[in-house]
Amino acid sequence: MSEARDRATTNQARASDPAVSAWVSASAGSGKTHVLVNRVIRLMLAGTPPERILCLTFTRAAAAEMANRLFEVLSSWIALDDDRLTDAIHTLSGHVRFGGELAVARRLFTRALETPGGLKIQTIHAFCEKLLQRFPVEAGVVPGFEVMDERSADELVAEIRAAVLTMAGTAPDSDLGRALAAVVSYVNAQDFDEVLKGVLARRGRLVQLIDGHGGVEEAVGMLAGRLGVDPDATFAAIAQEAADGLDREMARHAATCLGETGTKTDSAQSALLHRLAGTADGAEALELLKQLTLKRDGEPKADRTLMTKAAATAHPDVADFLMAERERAFALTEADRAVHLVTATRALLTLADAIVGGYEAAKRQRGQYDYDDLIARTLSMFRDFESSAWILYKLDGGIDHILIDEAQDTSPDQWRIVQAIADEFYSGEGAREGLERTLFVVGDHKQSIYSFQGADPKSFDAMLGHFRRLARGAERRFETVDLTVSFRSTQDVLQAVDWVFKRADAARGLTPGGALPEPHQAVRTGDAGLVEIWPVEEPDDVEPMSPWDAPLDRVDPSHPSLRLAEKIAGTIRGWLDRGEILASEGRPIAPGDVLVLVRRRDRFVDALLRALKRRGVPVAGADRLTLTSHIAVMDLIALGRFALMPDDDLTLATLMKSPLVERDDGEPVTDDDLFALCHGRKGTLWRALREAVAGGAPYGRALAALEGWLARADYTPPHEFLTAVLGPGRGRARFVARLGAEVHDPLDELLRLAIDYEHAHTPSLQGFLDWLTAAETTIKRDMEHGGDEVRVMTVHGAKGLQANVVFLPDTCALPNPRRIPELVVMDGDGGDEAAEAATGLPLWRLPKARQTRDVIAMGEAEKARQLEEYNRLLYVAMTRARDRLYVCGHETRRERKPECWYDLIVEALKPHAREVALADGTTVLRIERADAAPAETREAKAPPAPAEPPEGWAFRPAAREPVPLRFLAPSRLDLEQGAEADASAAPASPEVLSPLALAADPLRFKRGTLIHRLLQSLPELPDGEREAAARRFLAMPAHGLPEAAQEAILREALAVLAHPDFAEAFAPGSMAEVPIAAHMPQADGAPAAIAGRIDRLAVTGDTVLLVDFKTNRPPPTVVDDVPALYLRQLAAYADALARIFPGRRLRAALIWTDGPRLMEIPSETLARAPAS
């Protein structure tokens, strides 16, 4: 163990050396994330600013995990003393002496946290998005664009698709119409949807292929040339050639000769020749020629089936004729198939091009881009020489080190982006002296399993050669490091993995050159491990139930997949009951130790989840689920549909069987209850339910709940409606009680979607349900940080995870060939999509009966690639196990292929395993070491106590929170409170004037402001100085007043100050522009405060006079004509002053400057115009 650990430490230190570019092949469990984090820390210790390090990884979860580990290490250094910190750095760097200051190391955590824009640990899509936002002009994108999520993109595609298909359907003679007719002639309605969905899912590649050849017709023309036919060739012309090219005399001669032999073969051929010689119809001639010379699959017949050997010897001329006709028939058949392929491809490309073109236009109009655009636009930006030169110049000073995680899952186009940046490290200014710029790549050819997302292990290997050549050319150090020491699995598990992949058939695809993979080394050599192979569950020899009697979705309980699910669930339950010890840790196995891995989510997964729940085994549920397929969401959809149409009997019946509805005794509604309600009813089920409750049936609670939801549906937005159902209505609690805690994820996602819908659409329940069910929403659950529960996952989903005990039950099936024809690339290099655009040809690969020999060969090559990935998937699956690996399987009535996982494992391990009889009589193959040192036995963790039921307060509505204090401006009370003036009294707002009034007095608002300013300031000056000061103020250029206006404003302000009636307001001791604020409850009792300014305030011994200036022209002559807003404003001031000066007489007045005239407002009038 020490030797393996030392070797691993040495290699990890080489890989994390910050001065060297490194290409790391990291086998499963070898600590690649540990190496990545160490390299980032060592770069920072060496003085590299964090913002100059770029880490790219495959998923956001992986990026978050890397960042968390980095911060965990750096934060732990803060509190270490000097000796312990020196030891930590020494260990991290592979025992390389650290010569820097320890204070600098302690500050790395803060420095990383405070990095402008945050650490660049992100996915390639996130990096591209930031790059495009930074260089929108160079990239040709809309500045400030938004990135569409998958659902939004799918919705827009569906919208454009519907519009294009409608256009094609309404104009059958148009190009689109003819294309649609051609496409539907090759597939049925269901497959048509799947074909279009598949093409549009790779729309980025489609655009590249079409644009790379200059358009649809140009691409189709090149495809036709590649297939050896004219682009405009027709089926009729090819068929007619079968008739026209026939030597009829020779055909009749051959028919006569063969008819004389009397053998069955020759007689049948003779009959065909007679018919062929006698027809001039091209289609019939081609069909007869095929029957004469070709097998059913279109391949040429063998010589012995063309004619008997005796006949060939007796009539060599006939033999030569039939062989020539065989060649001609094969060529015509190939041409016929080629025309079908060209016709179908042209039609599909025409439709898809119209849809994708509309989709691209819609995105541009909205300023939105999807995830594929982020890669495509960034790559296009780098391919433009002028743009790329500028961008690389700007980036050259911003990125010095690139680290790429899970590199085997990087697609060719993503590699091109990395290449565009990293190539600069080795050339030109990027390779400037005095700066070590490095590239670090970690991946594993053996774990490349995401071809459906564009990953190609060939690109991983090609990029290694590319960057190694660049580094050598620039005389830079470049290390290739293999990490084969596993810290994860026991020796038994790793030995089993090595034995399996030592076989050539299993190792195919695991290494670049087809060589056998290097054996693993285990650090956990002393820990006990186990590998066990169970017998395959096989179909019983029983008569299947008649389809007339069996429900459509019924699965026979004796089906092998169900039996295996029951067996696995029973095994796990048995471990928990008897306290089965996990030998390496000396404790009982817990549910969280177990991981069940499958290749696909099928009925086995559902059966296993049911079996585990039925036995009370904690289970996390499926790792990924379609939202609208979850039973709880389906129940809520049924609720929404009932609320929209209560007379829909099926929907109501479905809803009543859900946890949302219960009987008066608290029990769920049963089938017997529904039968009692439905049988013999006169009207709808809704009517029958109401009548039954009126008659005393125990469904009062159900009816009350249904009526409550029905009453809310018409006026409540979707999110509020669902929240009320799940919260106060206790719907969530009922779902959890019946379905388990995993129901929280789909319910939370449904509520989130309701919010998203309301943000983008006019809220309505009907619209939300249509929107929700129109597109597929998938939930990916976090299984890495789950609780102590059994996990059931796909191998793809479990990539990067591990478990103490792993079951492999899905081992007997091979990859399913695609039943539905798909758009493929012919003659592409299978790697770089840009190269495919230039050399590859788009081809709609029809079923095999319409494929040419070259297309069939291309399909066979693709099957070989699928089998290679199938082998890599097995490697990933087996290496998830830490201590125990259980291999099992279930068969169908079809015989399993020898290439399947189960047979690969059994053939490899059988020589090394021993047979063991289990308690139930089953004989298994087992590999375990007898000399493994058992760990000290520890007691199992006590299972978590069941959660106490919530207190009663949890189900009562929360008390109303205190209403926050509201500030009101007295001059805007009508606007603040939404008050409406009494139309019979006065105008509500004097600000609302007719355009004619505004035209007559364009300086109206400025005049009012200036008069207020003069009346505020002039009283502070002696009488003799007021006029001169006012003239200087009004003549200021900033006011832009003509002399006549200046004079009018001056006279109006001075007249107010000189008027004897206003003397009290301007007497010594009076105040101008007095700020005031006070708490004043509103009419409804809600707290409020006012804040404003009083134009003039005079306080004498027992009197308070408040005055407000108004500049209206003409002013009201009586109090009843004063606008209500003015009265409310004065009333607000008066109320506040009454609180400030209690016991004093309060007078309120308006000074109309046009006149001027003082209008005192009676207290009774103010009382009728409350301030609040």
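Glycine residues also receive a Cβ, built from the backbone N, Cα and C atoms like all the rest.
Copied over from TrEMBL:
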DOMAIN    5-490  domain 'UvrD-like helicase ATP-binding'
BINDING   ALA26, SER27, ALA28, GLY29, SER30, GLY31, LYS32, THR33  ATP binding site
DOMAIN    521-800  domain 'UvrD-like helicase C-terminal'
REGION    932-951  region 'Disordered'
COMPBIAS  932-941  compositional bias 'Basic and acidic residues'
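DSSP gives LYS32 (ATP binding site) a helix state. All protein chains included, GLY31 (ATP binding site) registers 22 other Cβ atoms within 10 Å of its own Cβ.
Working note on the binding-site residues SER30, THR33: by count of other C-beta atoms within 10 Å of each C-beta, SER30 ranks first. Counting every protein chain shown, the Cβ of ALA28 (ATP binding site) has 25 other Cβ atoms within 10 Å. Report note: the ATP site is defined by ALA26, SER27, ALA28, GLY29, SER30, GLY31, LYS32, THR33, and the residues of the same chain whose CB lies within 8 Å of the CB centroid of those residues, excluding them, are ASP444, LEU483, SER486, PHE487, ARG488. Look at the Cβ of each of the binding-site residues ALA26, SER27, GLY29, LYS32 and count the other Cβ atoms within 10 Å; the largest number goes with ALA26. When averaged over the domain 'UvrD-like helicase ATP-binding' (5-490), pLDDT in the model lands at 88. Mapped onto three states, the DSSP output places SER27 (ATP binding site) in coil.
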